[in-house]
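Q: Below are the features I grabbed from TrEMBL:
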- 66-291: domain 'Rhodopsin' (DOMAIN)
- 31-51: transmembrane segment (TRANSMEM)
- 72-94: transmembrane segment (TRANSMEM)
- 114-135: transmembrane segment (TRANSMEM)
- 147-166: transmembrane segment (TRANSMEM)
- 199-217: transmembrane segment (TRANSMEM)
- 229-249: transmembrane segment (TRANSMEM)
Amino acid sequence: MAAGPYFPSIDQFPPGYAEENNSRPLLETCIAFLVLDTTFMTLLYTSRFLCNDKKHPNEQKANWSMISLMTGTYIVCISKITLGFLAIHIGGAGRHTATLDYATITTALQLNTALQIICPLTTSLSKMSILCLLHTIFGRTSERTRLVIRLTFVLCLITLIVQVVIPFSNCRPFSATWTLGRQSQCTISGLALWKYLSIPNVLTTFVVVAIPLPALYKLRVSTTTKLGLAVVLCVCVCGVVAAIMRFVSFIRVMSFDDFNYEQIDPLRWTIAESGIYMLAGVLPTLRPLARKLFGNTTFERILTGMFRSDGIGKSGVSEGSWGNKRGSEMGRGDADEVALVRKENNFSMLSTEDTIVGVEDEEKGKV
């Protein structure tokens, strides 16, 4: 037991205190997002493989920046989930700190330090990959939109660097971060790091979700397209909720003395937040796979945001040309994705076979 100069004797606590363990929600969250993240990453690469179909040569121009960032996101997400499992099984997560031996507490502090380094990687990399996708689709709608996307990308990158550097430079010596009783000088307390390092993540999350809204608001699209867009936006909103809940769960921790017991809610919301960002980033890239499995069905149109030519939307663009273009004319051939481009008083629709591929043929429709 940890009774001693740092923790009171276990006899001072009520019966059953030593047996309390609230780690189950964290364990369930780790398992759920391990399955979800791995499944969606497999779907991403499967969809990317289908993009190389010789029948769709344009799809070979994939945005490798987005795919590379998403792959990095998956790796660090799995690393975070692994630390969650380790925190439960060897770090005593979910149990009261006063009931643990010093070796377990030291291990828990080491895992907590590793989480402080990995968490910024997961949240920032996932949002940076989404920003690459948004730049492909919406980056040419206006100079302002392009500038906002780029500034947000830079902000996420700066946040990542600062949040990774802080754990290394906060305490001297560095090993004092996880060594009980060792004399050290820490600039920021562990509890303050827990609470306030998540604020930049919440702010950038709001910006990332808000970027596509002006362009989407101007579009008049079919019901199936609205459903498809609603799915992606709902996932993004879930990411916002997770970011807020993560911050709230940190604020609710009033003392770091029982951090093993208190860390369950913050850690599970941290894992959920980065996992949701990853799902939101992968969803729009699954068009080739959806077309292969559910080609020309309502379900495929919902999944991919594809729709037929139903007339002219209020943006002045044919409804059949924002989500797809069939061959060289509307209504036949394979569905192409497009990026919206505003040039003077025109919207230029840049057709692509997949939302992650490069710019292809250009169609124009007057506003």
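Placed from the backbone N, Cα and C atoms, the Cβ positions cover glycine too.
Give me the structural setting of these features: burial, nearby parts and distances.
A: Within the chain, the transmembrane segment (72-94) has long-range Cβ neighbours (under 8 A, six or more residues past its boundaries) at 21-24, 26-27, 29-30, 33-34, 37-38, 41, 100, 104-105, 107-108, 111-112, 114-115, 118-119, 121-122, 125-126, 129, 260-261, 263-264, 267-268, 270-271, 274-275, 277-278, 281.
Under 8 Å from some Cβ of the transmembrane segment (147-166) lie the Cβ atoms of residues 116-117, 119-121, 124-125, 127-128, 131-132, 134-135, 138-139, 188, 193, 197, 200-201, 204, 207-208, 211, all in the same chain and six or more residues away from its ends.
Beyond its flanks by at least six residues, the transmembrane segment (199-217) meets 123-124, 127, 130-131, 134, 137-138, 141, 145, 148-149, 152, 155-156, 159, 163, 229, 233, 236-237, 239-240, 243-244, 246-247, 273, 277, 340 of its own chain at Cβ-Cβ distances under 8 Å.
For the transmembrane segment (229-249), same-chain residues at least 6 beyond its ends with a Cβ under 8 Å from one of its own Cβ atoms are 195, 198-199, 201-202, 205-206, 208-209, 216, 221, 265-266, 269-270, 272-273, 276-277, 279-280, 283-284, 302-303, 305.
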Q: Mind checking which residues of the chain, 6+ beyond the ends of the transmembrane segment (114-135), have their Cβ under 8 Å from one of its Cβ atoms?
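A: The answer is 63, 65-66, 69-70, 72-73, 76-77, 79-80, 83, 87, 146, 149-150, 152-153, 156-157, 159-160, 163-164, 166-168, 193, 197, 201, 204-205, 208, 211-212, 267, 270, 273-274, 277-278, 280-281, 284-285, 355-356.
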